[in-house]
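Peer 1: Provided herewith is a single structure, encoded as structure tokens, for subsequent inquiry.
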Amino acid sequence: MSSSIEEVKATIKSVKLTDSQAEKLSKLIDSLPKILSGLDNPEYDEIFGYRINTKDKPYVDESIRNEILLKFLAADDYNLELSEKRLIDSLNWRNEFQPLSAAFEETFDKELNELGVITNFPNSNLKITTWNLYGNLKNPKKIFEKFGANNKVSKLPGSQFLRWRVGLMEKSLQLIDFTSTTDNRIAQVHDYNNVSMFKIDPGMKKATKEIITIFGANYPELLSTKFFINVPLIMGWVFTFFKTIRVITEATLKKFQVLNHGNLSESFNPDELPKVYGGKVEKSLFDIDVSDDIKLSEYGEVILKKVGDEEINHINDDVE
């Protein structure tokens with residue numbers, strides 16, 4: 001049964017849709033059976049922990065599903081053909097990469113624990129933020145190697161750094177409200193304190209490009225602002241690099257704020273922000289990190305169990 005324009009409009013709370021936009025979203029929703037049937041794995045229908053399927057299926061939250069689909073539409077300026085392709089490619093990527101596993105099952109090099117933090121500031125305009133602390137990257141070559149120690153993880157694509165970074169993003173998305181007008185995106189802070197341009201590992205440059213490409217393709221319309229702080233003037237090449245690799249849209253570039261200091265008190269509530277970033281809080285970022293407390297959505301748990309069961313069956317088949 002097709003979704004009417006008014007029915008679709010009623011499910012979207014984050015923005016006010018025009019009739020034309022609602023019609024495009026309605027068509028994308030109606031295309032879901034066709035899209036899913038053409039996937040590498042038609043059973044994989046999860047994005048950001050939510051089920052992207054017809055509303056008669058269990059675990060489908062129609063409002064959140066539609067808000068997520070709307071982000072895919074908006075990312076391609078409501079071009080239905082491009083949005084369908086983006087959705088197909090993203091579902092296929094998620095099936096192969098297993099980002100929920102990266103976020104909630106895998107363990108990484110201890111050094112990565114010092115490299116990223118997620119904060120939840122309920123009284124700030126920017127509530128959910130991921131922090132990337134590049135100055136703490138002590139052993140880049142090790143980080144950028146492929147997994148090898150864990151048999152399960154070694155079969156999944158990506159370096160430790162890439163899988164960890166995707167996992168951090170996935171965790172942060174469990175905290176946003178897709179139906180909110182103000183809290184349906186996250187902020188990112190990239191802190192370059194103590195980073196020398198002479199210490200930038202070639203693997204880090206490669207990983208940066210890979211992350212930008214993956215995030216641009218699979219995490220549409222989820223970024224409110226990206227801060228680059230404590231950036232030495234001599235590191236201007238970093239941002240020239242972003243432009244020259246041409247994997248970032250102009251709209252995304254406009255969300256970048258580059259600062260040669262670390263004072264973020266104008267963007268975050270000082271009462272929630274650590275002193276090192278211009279706030280009033282005595283604690284460090286790591287003291288207020290919420291990443292270990294984040295719970296995966298119900299359907300995300302279902303998907304992880306399903307993938308795990310399939311893996312066990314494959315192992316049993318191989319043994320037999």
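Glycine is no exception: its Cβ is also placed from the backbone N, Cα and C atoms.
Since this is a predicted model, take the numbers as computed values, not measurements.
Found this in Swiss-Prot, in case it helps:
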DOMAIN    120-285  domain 'CRAL-TRIO'
BINDING   Tyr134, Arg165, His190, Tyr192, Lys226  heme binding site
Peer 1: Write out the long-range same-chain contacts of Tyr134 (heme binding site), meaning residues 6 or more apart in sequence whose Cβ is under 8 Å from its Cβ.
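Peer 2: Same-chain residues close to Tyr134 (heme binding site) (Cβ under 8 Å, separated by 6 or more) are Leu115, His190, Asp191, Tyr192, Val195.
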Peer 1: Please classify the secondary structure at Arg165 (heme binding site) using three-state DSSP.
Peer 2: helix
Peer 1: With an 8 Å cut-off on Cβ distance to the Tyr134, Arg165, His190, Tyr192, Lys226 Cβ center, who else from the chain surrounds the heme site?
Peer 2: Asn132, Leu133, Gln188, Val189, Asp191, Phe228
Peer 1: Of Arg165, His190, Lys226, which of the binding-site residues has the most Cβ neighbours inside 10 Å?
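Peer 2: Per the Cβ count, the most surrounded site is Arg165.
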Peer 1: Give, as a single whole number between 0 and 100, the mean pLDDT over the domain 'CRAL-TRIO' (120-285).
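Peer 2: Here the predicted model's pLDDT, averaged over the domain 'CRAL-TRIO' (120-285), is 85.
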Peer 1: Max CA to CA distance in Å over the heme-binding set Tyr134, Arg165, His190, Tyr192, Lys226?
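Peer 2: Site span for heme, by Cα atoms: 16 Å.
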Peer 1: Just counting, how many other CB atoms are there within 10 A of the CB of Tyr192 (heme binding site)?
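Peer 2: Excluding its own Cβ, the number within 10 Å is 23.
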